[in-house]
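According to Swiss-Prot, the protein carries these features:
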REPEAT    97-124  repeat 'LRR 1'
REPEAT    179-203  repeat 'LRR 2'
REPEAT    204-230  repeat 'LRR 3'
REPEAT    231-265  repeat 'LRR 4'
REPEAT    266-291  repeat 'LRR 5'
REPEAT    292-323  repeat 'LRR 6'
REPEAT    324-342  repeat 'LRR 7'
REPEAT    348-375  repeat 'LRR 8'
REPEAT    376-400  repeat 'LRR 9'
Amino acid sequence: MSLQSPSRLLELAGQSLLRNQFLTIFILDELPREVFPLMFMEASSMRHFEALKLMVQAWPFLRLPLGSLMKTPHLETLQAVLKGLDTLLAQKLRPRRWKLQVLDLRDVDGNFWTIWSGARALSCSPEAMSKRQTVEDYPRTGEHQPLKVFIDLCQKESTLDECLSYLCRWIHYRRGLVHLCCNKVQNYSMPTSSFRNLLKRVYPDSIQELEIKRKCSLNKTGKFAPYLSQMSNLRKLFLAFGYDDELYVSGQQQFVPDLDCPFLCLYYPQMLYIRKISNIKEHLEHLLRCLKNPLGTFIFCHAYLADQDMECLSQYPSLSQLKELHLIHILMWTTNLEPLGALLEKVAATLEILTLKDCQIQDSQLRVLLPALSRCSQLTTFYFRGNETSTNALKDLLCHTGGLSKLGLELYPAPLECLDNRGHVNWEILAPIRAELMCTLREVRQPKRIFFGPIPCPSCGSWPSEKVDFHLCS
């Protein structure tokens, strides 16, 4: 007769209890906690829903990672677990063994089932398993904390699936006892009114990222104000109303409802991203005024900035401490860039990355920016591709970068003299001009990584090299 280890005997005993349906809450109270994960897995795979209901009531761990066990949501399993929780929540005096504080329906903690069950668990002594316990394994003292139910909420359909619908109804009737928590909320298809009702169910402090992409008016942002104002831990907000209009704000922030305006008061943002906002002229000034503290990053893409909009950039304190400024595909050939120069002057001590890409900046406009640019002593990356500048203008630009010793990556356009009628680079012309530009630059400082012309190279596909003297196609 072969000898079985104590842990193996416990496993067999648990399987026998499940098969013969002898499981009771009193028996569970006497079982060692090492047996629970494997028994729970067995009960789940065999669809023993009554056993699941009982095991939840005696669950000896802080967290039950049900989502990583189910993989695909299963309504009857979820119902059994929630019914077990109902029995617990209805008791004024909680059971001696109850430690469960989090029901996790996300697929994020598969290690739990690996550690506490199967070969790994059977190979560990009870002493070794007990060392896995941390301070969090022990119940907190004091008042009962609400049970937390964590989910992933990525709504790609216009209606809720049956599991989420059931869970939301269950949460609704247990307010104060249970918090529905979701770190990241995404809505791609659900109508605005239905989505607002769904947000009412989610514990607002748990939301760290909120992403809404739906075809509706930018002005409807105000309808989310009452919910956004409660999300004290929100760090990223992405709003895309319509196919082209996008507003992205990143950082820890607090919202103050203001239903009379399309934007909200943003107190602690770190990043503002605006892309293809067709009516930005009506909103940019107000948006910058709503930013109560300085931004770290400002990204503005695919739009037209009128003189009035450009003036806004230099007037508001929210842009006074930028580390990154990205203006991409902003048509500027008729725009007065003096306000942009004033902004660069203001952020000269903090700016590390400057992108002026595909803005069609002309020679006369570039000259306006040079005095301020030369003072950006912290600049590490300068991206200036896609602008219409001559060789002389580029030489002047390079001379003004002499004091920018931290520049590690520079990308410049091919001078106008190197372009044919279709705007394509003539590499034979570019090669000697590039040599002139490099000579001009080396007179004021030694560059690190630098590139002139389109990238990647249309002939060889190369990108900016780690070395200055990279291969240049002929």
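Using N, Cα and C of the backbone, Cβ positions are placed for all residues, glycine too.
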Which residue counts does DSSP give the repeat 'LRR 8' (348-375) for helix, strand and coil?
11 helix, 5 strand, 12 coil
Who are the long-range neighbours of the repeat 'LRR 8' (348-375) in its own chain, taking Cβ under 8 Å and residues 6 or more past its ends?
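Contacts of the repeat 'LRR 8' (348-375) (Cβ under 8 Å, skipping residues fewer than 6 from its ends): 321-333, 335, 337-338, 340-342, 381-390, 392-393, 396-397, 400-404.
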What is the three-state DSSP composition of the repeat 'LRR 7' (324-342), stated as helix, strand and coil residue counts?
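Per-class counts: 5 helix, 8 strand, 6 coil.
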Quick one: average pLDDT across the repeat 'LRR 4' (231-265), no decimals.
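Mean per-residue confidence for the repeat 'LRR 4' (231-265): 53 out of 100.
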